[in-house]
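Under the heading region 'Disordered', TrEMBL lists 1-26, 251-270. The UDP-alpha-D-glucose binding site annotation in TrEMBL covers S363, K369, E370, D399, K592. Residues annotated as active site in TrEMBL: D399, D832. Here TrEMBL flags K593, D617 as Mn(2+) binding site. Look at TrEMBL and you will find 902-926, 932-958, 1035-1054, 1060-1081, 1093-1113 tagged as transmembrane segment.
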Amino acid sequence: MSSKFPKSTRQSSSTNTDVEMQQTRPSIPVVTFGRRTRSGRYISYSCESLDNEMGSTEFSSYTVQIPPTPDNQPMQLAPIDPSVSQKVEEQYVSNSLFTGGFNSLTRAHLMDKVIESNANHPQMAGTKGSSCAIPGCDGKVMSDERGEDILPCECDFKICRDCYIDAVKTGGGICPGCKESYKGQDIDELVGNAGPLPLPSNVGMSKMERRLSLMKSTTLRSQMGDFDHNRWLFETKGTYGYGNAIWPKEGGLGNDGGDDETGEPSELLNKPWRPLTRKLKIPPAVLSPYRITNPNKDAYWLWGMSVVCEVWFAFSWLLDQLPKLCPVNRSTDLTILKEKFETPSPNNPTGKSDLPGIDIFVSTADPEKEPPLVTANTILSILAADYPVEKLSCYVSDDGGALLTFEAMAEAASFANLWVPFCRKHSIEPRNPETYFNLKRDPYKNKVLSDFVKDRRRVKREYDEFKVRINGLPDSIRRRSDAFNAREEIKAMKQQRENNVDDEVLGPVKVPKATWMADGTHWPGTWNIPGPEHSRGDHAGIIQVMLKPPSDEPLHGVEPEGNSINLTEVDIRLPLLVYVSREKRPGYDHNKKAGAMNALVRASAILSNGPFILNLDCDHYIYNSQALREGMCFMMDRGGDRICYVQFPQRFEGIDPSDRYANRNTVFFDVNMRALDGLQGPVYVGTGCLFRRIAIYGFEPPRSKEYHPGCCSCCFARRKKVAVVSSAPEENRSLRLGDSDDEEMNLSFLPKNFGNSSFLIESIPVAEYQGRPLADHPSVKNGRPPGALTIPRELLDASTVAEAVSVISCWYEDKTEWGHRIGWIYGSVTEDVVTGYRMHNRGWKSIYCVTKRDAFRGTAPINLTDRLHQVLRWATGSVEIFFSRNNAILAGWKMKFLQRIAYLNVGIYPFTSIFLIVYCFLPALSLFSGQFIVQTLSVSFLAYLLGITLTLCMLAVLEIKWSGISLEEWWRNEQFWLIGGTSAHLAAVLQGLLKVLAGIEISFTLTSKSAGDDENDEFADLYIIKWTSLMIPPITIMMVNLIAIAFGVSRTIYSTLPQWSQLIGGVFFSFWVLAHMYPFAKGLMGRRGRTPTIVFVWSGLIAITISLLWVAIANPSGSNDIGGGFSFP
C-alpha cells in the first residue's frame, strides 16, 4: 500500500536494554540502543533533531510507494507470524517507563517493579519471569501471553531477550545450551497457540503498509500516462481486494446516478436494510402587548424597569424554547449489531469481531481533590467493559504528574487480573467494584452459577485489601522517599568527608528531597517536595504501558488451585492500559484540560489509533457495560459516517434525595439535550462522549458538498440539492480540513497542521478508513468491506513509544493547528462546548444516546459553595464564547438555523442575570415606594397575568410529560436557575467583561470529587458552610425583600389611605422571589439540628431592622381606624 506521507525509519537494534533519544524535534526518528547500567537507572534512546521551521512545503527526502493496483501487484509471500524477538520487544516496552521532553533525552527506564506487591498478570508491567541461564546475566527469560517461559530451543535452555539476540546475531544462531543451531520456529509454535485466520502476507512491509494492507487503490493515470498520486487515498469502488466485498461498478452506487449498472446480485439489491438504530418522534404562546400599552403613570421608572426586564425574559425564553420544537427519542438494536459484526459469515468465517477500536481517555489532575481510589474504580469499570478486548484501549492522563496516581493505576491494573474475569464470568453489573459491593439489593438475584457465592466472597476480600493498599499509598510513598533521601544524605556526607583532605569545616549537605519509585529510582514527574524540573508546572513527559496489548485470540484461565476462582471458560485477557503525563515547562501555556486531551489524542494515535475516542472524567465510570456497543450502533449505522460524536447523558450518585441544588440537571439532560437531538445534535458536555477521531482532527464530514441545510432546515426542511461532484476522489473529499476553502486537500500540508510526526500523519487515513460503516448493503455510502478489521493489531516497539513521548512534549504544538482547528479547542474554560460547536459548524451531526440502563455515572458537588463555583465556571465559559469568534452569530452556512439559536442561547444566558437581579429587587422597590408595576390590580392585568402563567405552566407540563422528569425536578431547576442567575452568572458576566476589556485572565478551581469527613453521613458535605463572595447577592436579595415586606405591611396598616392592591402585588412577588431562594436559605442553615451562629446573627439583624422601621413609621394623627377600609377591585 502506498503512502504520500514522509516515512519514519525505525531502527530496532538489539544488543541491549537501554535507549536514549535526543528530542530536539527529529525529522526522521532514529533509535539506537546502549547497554543498561548496573544501577538500572535509565535506558536511553537517542533521536536526531527536528527542524524548528516547517514553513516550506518541500521535503528534502520522502518515500512514495505505488499502491497495489490491477497492473501493479506485490509479490505474494507465505504468511509468517511475528518472530520471537517481536513478541519480546513488546514485553520489554511494557516493562519500561518512557520519559522525555523539550531539549531532553527520551529515556526508557526498565522497571524491576512498579508497585510494592508482585505483578501477577502476564500483561502487566513489572511481571517477573525466570532468570537467564547465561552465566553473569541477571536478565529475565522471555514469556508468552500466559506468563510462561518462551524457550526458543528444543533443549529448553532458558535465555533472556538480549542473550538470545546476541546468540542469533553474533553467535551464529547456536544455542548456548545444547550447542545446536536454532530452528526457525514461529512464536505460535513455541507457545502452542492456534494461528489466526490466514491473511495476506505483510512480510517486508512497513508499519504503514501493514496498517493499510486491506485498502485498495484504483489505477488513475494522468494524460501523460503516469500514475497520479494526488487522486487516491483509499479505494471504495474497486472490485478486487481482501474481504470478498461486492462493490458497485464505476458510475454506480455513491454518485447519485440512479440507474447505472452496479453488478450486485439481485438478492443483495432486494435485501431489506436492517438499521442498528431508530428515531422516535415525540408528538408538538402567545405574547400580549398589554404591559407595554398600559403603563403606570404614577411610577414610570418602576414600570419601565419591569418592562425592559420582561422584554429580555421573553427574548431569552424564545431562545430557550425554539430549539425544543423537534424533540426525539432514539433506540438501538444490539442484536443486529452482533449479527453484523460478530457472527460468522463468508467474509468472516471465524466470527471474530469486526467492530472498530475505541480509545478511552480518563483525565485527572490532582490526587487530593480527585481521590486515586475513585480514579482506580473508573479504570476497573473500563477494563471490564463488554467490548472486544483487543479493540479496547484505556489512557489515563495525569496532568499533575503525581507518583500517587501512577502507583494507584498500577494497583488497579494488578487487581483487574481478578476483577475483570469475575465480571465476565458472572455478568456483573455495574462493573465498578465500589458501587457493586455497596448496592442495596440482593447481590445473588438471577445468578445461576453455583460457585458465585464463593467467588464473590473471594473478590470482596481482595477488594478490601486493594482499598487498604490504595488508601495507604500516600504514607507508603512518603516513608519510602524519606528512607531513600536519608540514605542519599548519608552517602553525600560520607563523600564530603572523604573529599575533605584539609580538615576544613564542613557545611551542611544539601540533597534534593526527591520522591522515589518502588524500584528505588527517582520519580520523573512531580515530587512531593517540588524541586527543579520536578514540580507541577515543570516536569518531563511520561508514558508507561501498564498493561500491554492483549493477544489476538481468546486466552482462557487455567485450572484453579486451592481457593482461587475457576476461570477455565473465561477470557482472562485485559485491554491495553497506558499511563500518560504530558511534559510541562515554565513559559508554556499548557491549556488546562484541553491541552491534556490533545496530548492523549496524539499519543493514542501512535500507540493504538482507535478510530473512536470516548472521554470520561476520573469520577465518571461505566455503569452499563454495553454502553460502548450502544454508541457504536449509531456510528456504524447507515449515514453514521457523518456523526461526529454520540453524547450520553450524565447521571450522578451521592446526591441528597431532595436534590436541593438541582445537581442532577435533569431538565438540561432530559429536555434540552433531547430537543437538540432532533436538530443537528446535542452539545458536547465534557464527559461521556464517544467521538469519531477524524472529526476531532478537524476534517469535514463525507459528502459535505451534497448537503445544503439552508436557513431553516431543522423544521422547515429544504429539498436536498444534488451537488456537483468534484473531480477529486471521494476519499480525498472526506478528508478535507474544516474551515477551509480548498476544493481538494493537499496531503503534503498535513505536517503544518498536525506537527512533524510522520507516525501521527500516517495514522490519519487509517483511522478514517477503520471508522467507516460496514458496506453490507447498496444504500451504505463510504463504507468498508466486511471482515476488514479482523486482522491483529501491531505489536508495540520501543521506537513507537519513544515517538509517543515526543508528541506529548510541550513544544510539539508550536506553529500547528492543535487547539485552533484540530482537537479540543483552546481559549475557553468550557472547551467542551466550543469543541462541539466547531464540529457542528463544519457540517457534522451529533447524536444523543439515552440508554435504558444508565450508560455512565459520576459524582457531583452537593455543597452549596462548590456548586456555585461549578456554575460560575460554566457561565464564564459561555461569556467567553459570546465575545469570541465562536459566537453562533458568526457560524457558517452548514449549521442549521435552530441549532444556531441553541448555541446563541449558550453564549447569551449569563447576561440574563443582569435583568434577573433587577427584577428580584422590583418587589422590594414597589413596597418601599408604595407603587406597583401597574397602576392598579385591574381585572385586565390579572387576566393577563393568569394567561401568561397558565401558558408557561402548560408548556412545563408538556416538557415534563414527553421528557419523563418529575414535577419536583422541574421546580428544583427553576429555583436554582434564580439562585445561580443572581450569583454565579452575574459574576461570570463581570469576569468576562474584565477579560475582554482589561485582558485579565480567568482562573478556576478544580471541582472536588472527595466526600465529606463524616463517614457516618453520606451527605455530610451538603451541610458544610464555606463562605464565598458569590453568596452576597442572594443574601442581599433575601434581606431586602424581607425588610420590604415588613416595611410595606407596616406602612399600609398605619396609612390614612392604604393601598392594599399595591401591597398585595408587592408581597406576592416578594414571596415569589423568596420561594425560589428557599434552597439557598436552607443551605445557610447548615446541618440539621446544629444551628450555626450565622443564623442567630441574621435573625437578630432582621428583628432589629423590623423594630426600628416599626418605630420610625409615625401613626397618622386622627386615625382611629388603623388601616382604614380594605377595598379590592
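Note: Cβ is positioned from N, Cα and C throughout, glycine not excepted.
Overlay of TrEMBL feature records on the structure.
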residue : record                           : Cβ neighbours (10 Å)
S363    : UDP-alpha-D-glucose binding site : 22
K369    : UDP-alpha-D-glucose binding site : 14
E370    : UDP-alpha-D-glucose binding site : 24
D399    : UDP-alpha-D-glucose binding site : 23
K592    : UDP-alpha-D-glucose binding site : 18
K593    : Mn(2+) binding site              : 20
D617    : Mn(2+) binding site              : 24
D832    : active site                      : 24
Separation of alpha carbons, D617 (Mn(2+) binding site) and K592 (UDP-alpha-D-glucose binding site) (Å): 14
Distance [Cα-Cα, Å, rounded] between K369 (UDP-alpha-D-glucose binding site) and D617 (Mn(2+) binding site): 13
Within-chain partners of the transmembrane segment (1060-1081) [C-beta distance under 8 Å, separation at least 6 from its ends]: 660-661, 864, 920, 922-924, 926-927, 930-934, 936-937, 972, 974-976, 978-979, 1031, 1034, 1037-1038, 1041-1042, 1044-1045, 1048-1049, 1052, 1126-1129
Top Cα neighbour of S363 (UDP-alpha-D-glucose binding site) in the set of recorded positions K593, D617, D832: D617
By Cα-Cα distance, the member of recorded positions E370, D399, D832 nearest D617 (Mn(2+) binding site): E370
Inter-residue Cα distance where the pair is D832 (active site) and E370 (UDP-alpha-D-glucose binding site), in Å: 20
Integer Å distance between the CA atoms belonging to K593 (Mn(2+) binding site) and D399 (UDP-alpha-D-glucose binding site): 8
Residues S363, K369, E370, D399, K592 [recorded UDP-alpha-D-glucose binders]: greatest CA to CA distance in Å: 16
